[in-house]
Amino acid sequence: MWFWWGIISAIFASVSTIYIKHSLKRISPVLITWAIIVFPIPVLIALCLPNPINSLNLLFWVGVCSSALFFTFAKLWSTQAVQVGLLSKLMPLSCFGTFFLYIWGLIFLGEQITIINFLGMTCIISGAYFLNIESVHEGFWQPITLLFKNKNTMLYLLAMLIGSFVSIFDKTALNNVSPSNPNFTYLMENIVTVIPFTLYLMKKESQIFSKIKTHFWTLLAVGLIYAFSVITLFYAFMSGPVVLSVVLRQTQIATVMLLSFFIFADKPPKHTWLATLIMLAGVVLVKVG
């Protein structure tokens, strides 16, 4: 079942990315990040009430607090990068986050995957990489060097590195609460984050309440769409390997590339269809493996 949770999470994540990009035309990255943290809380409380928690330990809180801290920086930096950059140039960098996560999963969680799963993961990551090749005419490896020539892409890459730790901490928290409850874990992470980030928002933004009132429905939609992408991903974490669940989520890149073309006139590379087929082949291998 983790496979399908991963696919559903990818769908929500692609819609979330497009909607955030659209919202950033009128709303600052800091306020968007705040909405992602705050607005899911009432929904998560309602989802948690019918399912009381029996026990949790210190590792649960280590996972929750660490995930909240790393997520805040990763999401804020990635949102800032998306605000000033083309989605078709930034989204392929997500494949590096998956590679980082694979390493951390081996080291910290001891997760092992089959050869077929590994091939599927490689196809999905390769497909994401191919999406960025068309903009460079100097060689196959040139896109990698191109990434380090722009501060905006470097910021997004740093967000991917920091964000790759978030899933490790999420899995740690899920493994140390009984019964394992994605909604409760997500709720605690948001509660830990909400007060310090609200103070940060008050320092960075002026006329906060006026902006929240003006953009309330947009902020609410941003928060809830993103929340569903996280909840479904957590359900995938419960029964499957973290790295494969996140790899499936990376299929959002192909969807984002196409949607960004129709919505923002952000022209994707001509290799988009080939890259999408490669990623779909990877999805099949992950499922079969």
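Just so it is clear, glycine is given a Cβ too, placed from its N, Cα and C backbone atoms.
It should be emphasised that the depicted structure is a prediction, and the values quoted were computed from it without experimental measurement.
Lifted from TrEMBL, the feature list:
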DOMAIN    2-132  domain 'EamA'
DOMAIN    155-286  domain 'EamA'
TRANSMEM  6-24  transmembrane segment
TRANSMEM  31-53  transmembrane segment
TRANSMEM  59-78  transmembrane segment
TRANSMEM  90-109  transmembrane segment
TRANSMEM  153-169  transmembrane segment
TRANSMEM  184-202  transmembrane segment
TRANSMEM  214-237  transmembrane segment
TRANSMEM  272-288  transmembrane segment
Report summary line: Near the transmembrane segment (184-202) in space but 6 or more residues beyond its ends, with Cβ under 8 Å, are 30-31, 33-34, 37-38, 40-41, 44-45, 48, 51, 53, 60, 63-65, 67-69, 71-72, 170, 173-174, 177, 208, 227, 230-231, 234
Query raised in the report: For the transmembrane segment (214-237) and the transmembrane segment (31-53), does the number of C-beta pairs under 8 Å, pairs 6 or more apart in sequence, reach 3 or more?
Result: yes
Requested in this report: Within the domain 'EamA' (155-286) only, compute the mean pLDDT.
Outcome: 83
Query raised in the report: What are the DSSP helix, strand and coil residue counts for the domain 'EamA' (2-132)?
Result: 107 helix, 2 strand, 22 coil
